[in-house]
Amino acid sequence: MLATRVFSLVGKRAISTSVCVRAHESVVKSEDFSLPAYMDRRDHPLPEVAHVKHLSASQKALKEKEKASWSSLSMDEKVELYRIKFKESFAEMNRGSNEWKTVVGGAMFFIGFTALVIMWQKHYVYGPLPQSFDKEWVAKQTKRMLDMKVNPIQGLASKWDYEKNEWKK
């Protein structure tokens, strides 16, 4: 009895220790959503924060150069300053994406797959159509309803001319 308790205690201790070790394996830093975030949107053209949060040494030097006259900056430097602040220009934001092709392709795949399933069901699952679907059967059924004078006021029998044996015009 004592041996089983010892093994049980050792087993529980080993499991709990390994769980604790695994739990502290990596630390995930969560994003603080109370701070403003960068977003490229046409309806929100000036985001609260810059696109690049941590500047490199060359970008810091360029930011210092920006404080002087802008006429001394080259076109490439102006573009690089713009890219520090914004990820995309309005032309790039307005550019159409090719996502619609993926959506249409996926929809067509599922429509085609559904068509294959329906064809398989018609061939292997469903039996032949009942005889009541034949045109001859429907004609006989209609003739019988006319002979019985079904619904003579507003229905089928009211539209049949019994003297001429044809539909009223």
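The backbone N, Cα and C atoms fix where each Cβ goes, glycine too.
Sequence-distant neighbours of Lys29 (N6-succinyllysine): no residue of the same chain at least 6 apart has a C-beta under 8 Å from its C-beta. Summarising the annotation, Swiss-Prot assigns N6-succinyllysine to Lys29 (among others) and lists similarity to another entry as the type of evidence.
The annotation N6-acetyllysine is assigned in Swiss-Prot to Lys29 (among others).
According to its DSSP assignment, Lys53 (N6-acetyllysine) is coil. The N6-acetyllysine annotation in Swiss-Prot covers Lys53 (among others).
In sequence order, no residues are near Ser56 (phosphoserine), counting only same-chain partners six or more apart with C-beta under 8 A. Per Swiss-Prot, phosphoserine is recorded for Ser56 (among others), and the stated evidence type is similarity to another entry.
Residues or ranges marked as phosphoserine by Swiss-Prot on the basis of similarity to another entry: Ser58 (among others). All protein chains shown were included, and the count of other CB atoms within 10 Å of the CB of Ser58 (phosphoserine) stands at 9.
In the three-state DSSP scheme, Lys60 (N6-succinyllysine) falls into the helix class. Sequence-distant contacts (6 or more apart, same chain, Cβ under 8 Å) of Lys60 (N6-succinyllysine) do not exist in this structure. For Lys60 (among others), the entry in Swiss-Prot reads N6-succinyllysine, with the evidence type similarity to another entry.
The N6-acetyllysine annotation in Swiss-Prot covers Lys60 (among others), and the record cites a large-scale study or a structure entry as its basis.
For Lys67 (N6-acetyllysine), no same-chain residue 6+ apart in sequence has a C-beta under 8 angstroms from its C-beta. Per Swiss-Prot, N6-acetyllysine is recorded for Lys67 (among others), and the stated evidence type is similarity to another entry.
Swiss-Prot lists 23-98 with the feature topological domain 'Mitochondrial matrix'.
What Swiss-Prot lists as topological domain 'Mitochondrial intermembrane' is 125-169, and the listing cites experimental evidence.
As annotated by Swiss-Prot, transit peptide applies to 1-22, with the evidence given as experimental evidence.
Per DSSP, the topological domain 'Mitochondrial intermembrane' (125-169) is made up of 20 helix, 4 strand, 21 coil. A sphere of 10 angstroms centred on the C-beta of Lys53 (N6-acetyllysine) encloses 8 other C-beta atoms.
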